[in-house]
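Novice: After the structure tokens below, expect a handful of questions from me.
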Amino acid sequence: MNLKISALEFIEEVKTGNITVEEFTAKTIDRINQVDDKLHAFLSVNNDAIDQARNIDKKIKSGENVGACYGMPISIKDNMCIKDTKTTCASKMLENFVAPYDATVISKLKKQDAIFIGKVNMDEFAMGLTTEFSAFGPSKNPWNIEHVPGGSSGGSAVSVSSYECIASLGSDTGGSVRNPASFCSTVGYKPTYGLISRFGLISYANSIEQIGPLTRTVKDTAFMLNLIAGVDPNDNTTINNNKEDYLENIDSGIEGKKIGIITEMIGDGIDPEVMTATKEAISKLEGLGAICEEVSLEMVKYSVAAYYTITATEAGSNLARYDNLRYGYEMPVEGYEFNSYISKARKNFGPEVTRRMIIGGFVPSAGHAGKYFLKAMKVKSKLTKDINEAFKKFDLLIAPTVPILPFKIGEKIDDPVSLFLVDINTVTANLTGKPAISIPFKIVNGLPIGIQLMANSMNDKMLLQAAHALEKTVTLPEVPI
Ligand code: GLN
């Protein structure tokens with residue numbers, strides 16, 4: 001049986017009776033058992049998956065209504081709550097935390113008969129871009145296991161690209177869906193801020209993060225978005241999308257569309273191979289009838305600094321609740337007064353989370369806020385103004401998703417600033433709330449390069465149409481695992 005099919009193909013195969021959900025699920029679990037020792041995408045695997053698959057097969061046989069997912073195996077980043085399931089955020093702090101309720105995206109997918117095949121690895125609390133900051137060890141890039149798979153939703157990208165599931169949900173605060181999608185050669189999508197409910201997503205930086213799908217094809221992303229987007233009374237930042245059908249007219253193409261090439265995202269520090277791939281993508285889009293020209297977004301050069309200032313501040317406040325009293329790990333309170341207990345308990349956070357909490361306590365503090373936090377907020381609003389201006393002239397913006405190729409595990413781990421700078425092309429979409437997608441484009445020396453397209457807020461449908469048009473121009477080799 002072929003595990004390499006897309007979500008839409010899987011549904012067809014099940015509907016026509018060519019495969020049963022149980023067979024496919026069993027094969028998927030075999031695959032996980034075969035390759036995950038090497039890749040470490042999964043933190044836990046769902047032991048009830050086969051039973052759930054059997055139940056769906058039964059429903060199909062007896063002609064009952066079956067949800068749109070038809071038992072499709074989906075992996076979930078371990079910062080989204082699935083009731084009665086461990087949700088660790090890849091942190092020692094939540095190592096034994098069992099979620100008491102379902103995130104909105106989870107209950108929506110449950111209703112559609114998705115099978116959550118397992119919870120997948122990530123950087124601790126989604127802070128990072130390589131999965132090296134997972135407290136449970138890094139995931140490996142299936143294209144070359146000496147290299148990082150990207151992050152923080154690294155487990156999501158690895159599981160999709162190495163056929164351990166059909167699709168995955170990740171979260172993207174500054175690129176965490178798009179970056180690993182690019183490094184592992186999958187589609188990765190960060191929707192318009194507010195399109196998908198964050199209820200049940202463990203917060204890192206609420207004001208800019210979104211849940212997003214990682215899939216094999218753009219059509220699969222549109223399919224997932226149809227199921228999980230929409231207003232949610234449990235998340236008052238969600239927006240009404242009027243039940244848009246993102247799959248409808250996905251073949252519309254991009255003839256006549258104006259595309260801006262962001263000057264600041266193809267400048268200093270870009271790998272020549274990534275530059276060549278970007279030029280090739282642009283000429284393919286021109287070949288399809290798009291009109292491409294450069295556009296400058298001056299504030300992009302300050303975007304990484306602003307991003308890390310704002311997100312550390314929000315993280316500092318979000319993570320203050322992890323005091324090891326209401327949930328946490330075994331550490332007796334005897335012999336401590338309150339503050340020393342909390343300080344000791346927080347030693348269980350890894351180095352990156354600790355760094356963010358220290359910065360997050362300092363930058364908004366009295367006497368310093370004007371110099372750091374407020375300045376960062378000014379960059380955010382000027383960047384938003386600039387990009388809105390650009391969208392008066394252009395339908396879409398293009399840049400490589402990541403300016404460099406996937407690097408080796410361990411190569412940048414001791415140099416946080418050089419790691420932060422890898423986010424230069426992704427954080428703009430988060431700071432401005434715009435939708436952005438990474439499309440697999442090329443494999444160079446055995447390593448993937450993804451191309452990023454961005455659109456104006458609520459133009460998600462047009463963005464997916466454009467991404468689908470670009471995707472159709474490329475044929476890529478199979479992952480060598
Ligand atoms: N690398 C960025 C960070 O560490 C992005 C992470 C994310 O999108 N969750 O904050």
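Sequential numbering from 1, following the chain as shown.
Yeah, the Cβs are placed from backbone N, Cα and C, and that goes for glycine too.
If you look up TrEMBL, you'll see 23-464 marked as domain 'Amidase'. Among the features that TrEMBL reports, active site, charge relay system is placed at Lys77, Ser152. The active site, acyl-ester intermediate annotation in TrEMBL covers Ser176.
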Novice: Cβ-Cβ under 8 Å from Ser152 (active site, charge relay system), same chain, 6 or more residues apart: which ones?
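Specialist: Ser152 (active site, charge relay system) has long-range Cβ partners Met122, Asp123, Ala126, Met127, Gly128, Leu129, Thr131, Phe133, Gly170, Ser171, Thr173, Ser176, Pro180.
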Novice: Summarise the model's confidence over the domain 'Amidase' (23-464) as a mean pLDDT value.
Specialist: 96
Novice: Given the active-site residues Lys77, Ser176, and counting only Cβ atoms in the protein chains shown, which has the most within 10 Å of its Cβ?
Specialist: Ser176
Novice: Can you check what DSSP calls Lys77 (active site, charge relay system), collapsed to helix, strand or coil?
Specialist: strand
Novice: Quick one: which of the active-site residues (Lys77, Ser152, Ser176) have their CB closer than 6 Å to ligand 1?
Specialist: Ser152, Ser176
